[in-house]
Amino acid sequence: MLLTKNSSVRSLVSHIILGYFFTSYNIIVSAYDFVIIGGGTSGLVVANRLSEIPNITIAVIEAGFSVLNNTNVSSVNGFTLALNTAIDWQYATTSQTYAGGRILGYNAGKALGGTSTINVVGMTYVRAALQQIDSWQVGLGNTGWNWSTLYPYYKKSESFTIPTAAQTAAGASYIPAFHGKNGPLKVGYAYDLNNGTLFSQVGRAWESLGVNRSRDINGGNVTGHMVGPSTLDREKNIREDAARAYYYPVQGRPNLHVFLNTTARRIAWAGNLGATYTAGGVEVLNTNGEIETINATKEVIVSAGSLRSPAILELSGIGNPTTDKLSILQKYGIPTKIILPGVGENLQDQPNNAFAYESNTTYNGTVPYVTYAPLSSILPSVPAANLSTWASSISAAINGSISPGAMNYLLTIQNDLINQNVPDIEVIFGNTVNTGSGPGTYLYTAFWTLLPFSRGNVHISSADPAVYPAINPNFFLVDFDLKVQVAIAKWTRKFWAAKSLASAFTEMSPGYFVVPKNATDLQWETWIKSTFGSNNHPVGTCSMQGITSGGVVDSNLKVYRTSNVRVVDASILPHQLSGHLTSTLYAVAEKASDIIKNMYGFA
């Protein structure tokens, strides 16, 4: 049921089964068992699964509106149309010290369905490497979080659409055992896959560089090239976002209420027992500018994403009150409830660059080709001796919120994954675009380092919840990340120069005038720093790991030193993934739902 908080709360009486509470504003409001902050990719999964239990009630607080009929969202081929519109938070980074002082945009969905309604490359459905998920338990001590326990949830969330014969001829492939059949989320291939010779040409080019074709990269081994499946409804030819998959099919459940155009401000505390705090609800701002509280009798679940969830915790008094150089809560006059220095730290994202090429023939249809390769394909292994130096640099850049020793341990886990040949390189094709000036077609290949070592943070910049947080990914803080991005750029240009492609395509961007054939590393670095963007894959800001390592939540996704506050979104991921976030976020939220159900005996 869709609601707006500017409607009279008294009109909801017939839908509430748990009674009423008065807030400090003397406004009568309803109480729910679970209040979820954020109706996005993760929040709607949890809302769907908890509302399967008819005798518990769930409220979802969503700052945006429904975009069910917004063609900028639903269009498969126009997947960039919703960016930088009213349904995009349109965040911006701070000036990036190690990237020429540039300020970069950050896209995040402000709509029911969250970023799943606007993400670009995020429509590509690629799961993580199994070693990465295993490291959550083996390396970080998160009991119950490994590939064998998460893999069933990948499949539970998914309803895979088997490729047609024409799609198979165009390169689509899959291994049936890897996929789910009955989940809410439709995954598959668009009908208009390019059915010409392009996939064969691309395949031969990759194989000349030692990258073999993968029949299916969604079984834990991500290495190889293939036509990547997407989150889409093939029969309707529309994007499949979290709202379409997890909310609209169950919106008639009387125990599930979604409050649209309602912005969560902070957690409202019911009290504390010693050092452990209990949430009593969520303070919100409605359309009329009125502050109200939606009360929670069991839990508050924060699912506002990597850039907003830590801000909500800080506005609620959870975070870093002060250090010698860093003052967060005290600086803005926020009373400290729980000291957790890791809130907002450990921010990781990937730098994204792209080449554009023009063909001398027309290629019709979509080209969702993805390629994953280990770092050893282009560079020797990372010298372990560098890790401690990098850890010290990162710790200094974040004012010691995570110690050099703790950061060194985290970087060592990541480096071990790289040395196991977990992919650190992604190259992905964009859709074909007709130039309109003859038979030619433009194609682009975006590329990025999947596992950058640089770390940044995101923190509130005011005590006013309406003020956007300060986002500092610290791109290229660790100069090795830039070295890797340069090596990927050279490798990608070498791919385009392969025999099967060279005679059919001409490089348009950056072009040899900007980056010559014999370009120096400095010329490559200059181009990369001046043109890269955020990959919009921020993770780690409410990390699932120990407190001394900068952790914010435990293995049950409960915020440390609280009795009933959880975080379920990309912010809990301790490391970047060799894949795309969307698939893993659906799986994590499915698993989180079962954790919650089991805790209350609902399973």
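In case you wondered, yes, glycine gets a Cβ from its N, Cα and C as well.
Positions annotated as active site, proton donor by TrEMBL: H537. Under the DSSP three-state reduction, H537 (active site, proton donor) is assigned to coil, being neither helix nor strand.
DSSP assigns H580 (active site, proton acceptor) to coil in the three-state reduction, placing it in neither a helix nor a strand. TrEMBL lists H580 with the feature active site, proton acceptor.
Residues or ranges marked as FAD binding site by TrEMBL: T41, S42, T115. Taking the Cβ of S42 (FAD binding site) as reference, residues of its chain lying under 8 Å away and at least six apart in sequence are, in sequence order, G114, A242, S303, V568, D569, A570, L585, Y586, V588, A589, A592.
The feature domain 'Glucose-methanol-choline oxidoreductase N-terminal' is assigned by TrEMBL to 305-319. Sequence-remote contacts of a segment are chain residues at least 6 beyond its ends whose Cβ falls under 8 Å from one of its Cβ atoms, and for the domain 'Glucose-methanol-choline oxidoreductase N-terminal' (305-319) they are 37-38, 40, 89, 91, 106, 108, 114-115, 264-267, 269, 328-329, 334-341, 343-344, 347, 458-460, 463, 465, 469, 471, 538-542, 552, 559, 562, 567, 569-571.
Among the features that TrEMBL reports, transmembrane segment is placed at 12-32.
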C-beta crowding around H580 (active site, proton acceptor), within 10 angstroms
25
List the same-chain residues at least 6 positions away in sequence whose Cβ sits under 8 Å from the Cβ of T41 (FAD binding site), in sequence order, or say none.
G113, G114, T115, S116, A242, D569, T582, L585, Y586, A589
Excluding T41, S42, T115, which residues of the same chain place their Cβ within 8 Å of the centroid of the Cβ atoms of the recorded FAD site?
G38, G40, G43, L44, G109, G113, G114, S116, A242, S303, G305, D569, A570, T582, L585
Return only the integer: C-alpha distance in Å from H580 (active site, proton acceptor) to H537 (active site, proton donor).
8
By DSSP assignment, list the helix, strand and coil residue numbers for the domain 'Glucose-methanol-choline oxidoreductase N-terminal' (305-319), in that order.
7 helix, 2 strand, 6 coil
So which of the recorded positions is most packed in, judged by how many other Cβ atoms lie within 10 Å of its Cβ, out of T115, H537?
T115
